[in-house]
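Remarks on the structure that follows.
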Amino acid sequence: MEKIKIIVASDSIGETAELVARAGISQFNPKQCKNELLRYPYIESFEDVDEVIQVAKDTNAIIVYTLIKPEMKQYMSEKVAEFQLKSVDIMGPLMDLLSASVEEKPYNEPGIVHRLDDAYFKKIDAIEFAVKYDDGKDPKGLPKADIVLLGISRTSKTPLSQYLAHKSYKVMNVPIVPEVTPPDGLYDIDPKKCIALKISEEKLNRIRKERLKQLGLGDTARYATEARIQEELNYFEEIVSEIGCPVIDVSQKAIEETANDIIHYIEQNKSK
């Protein structure tokens, strides 16, 4: 089956349209709904809209758009109707309803939700921090972090760091590997901001075997053997015991659920 092409078009960064598109895609079997997102942010002219229309015509793409300026929105609407293209106006119907409800015209300013206020800068800083200090790259990040995640391989440290960063938490993650001594600074920071991520031996074994298959390798590699996994788990327990930090079992939890548990713990202990 050919990939479904979706054009995300916006007169701002396009984050809202992309989130809605991805939310819709997530409701379908990925094997049956293979997709490709094409991004067209900062649309400012009719020529920009024409480019989107041409690509949609050439690729039979669905256009998902958030255009705030009335003239841009109207032009897009006319063009998709003219060429009978598949499209979804994310913001238009909602803004029309709100305008009618409050009997007031909207600002019609693209990107107003992303005004560069303190909260926005804090979020960007947190995202950059998570990238810079991913996988224990630099121990200098330890005292600067709001949260330090510890765990062996395949315990979702990186996606959790990114998820929490989007909640404006500066997160550093540190891999726990028997052959690598944890950074000295790990024992100097407040253990209340450390979270250890635990996973069951059975779940980890399945994940690692699947990972090896994806890499085209046999599932008998030492990386996925029970002996190696048990060695890593034992070492993990030893390090966590020395630090004295809380442990969250991620074996049966989604990223969002684990992140919420972490946030709850961190916020509870801020004032203690």
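Positions of Cβ are set from backbone N, Cα and C atoms, glycine also.
Per Swiss-Prot, the features are as follows:
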BINDING   Gly151, Ile152, Ser153, Arg154, Thr155, Ser156, Lys157, Thr158  ADP binding site
Fewest other CB within 10 angstroms, which one of the binding-site residues Gly151, Ile152, Thr155, Ser156, Thr158? Thr158
So what sits near Ser153 (ADP binding site) in its own chain, CB-to-CB under 8 Å and at least six residues off in sequence? Pro175, Val177, Arg208, Glu232
For Lys157 (ADP binding site), what is the secondary structure by DSSP, using just helix, strand and coil? helix
Candidates Arg154, Lys157: member of the binding-site residues with the richest Cβ shell (10 Å): Lys157
Quick check: in three-state DSSP terms, what is Ile152 (ADP binding site)? coil
Using the CB centroid of Gly151, Ile152, Ser153, Arg154, Thr155, Ser156, Lys157, Thr158 as the ADP site centre, which other residues of the same chain sit with their CB within 8 A? Asn173, Pro175, Leu197, Ile199
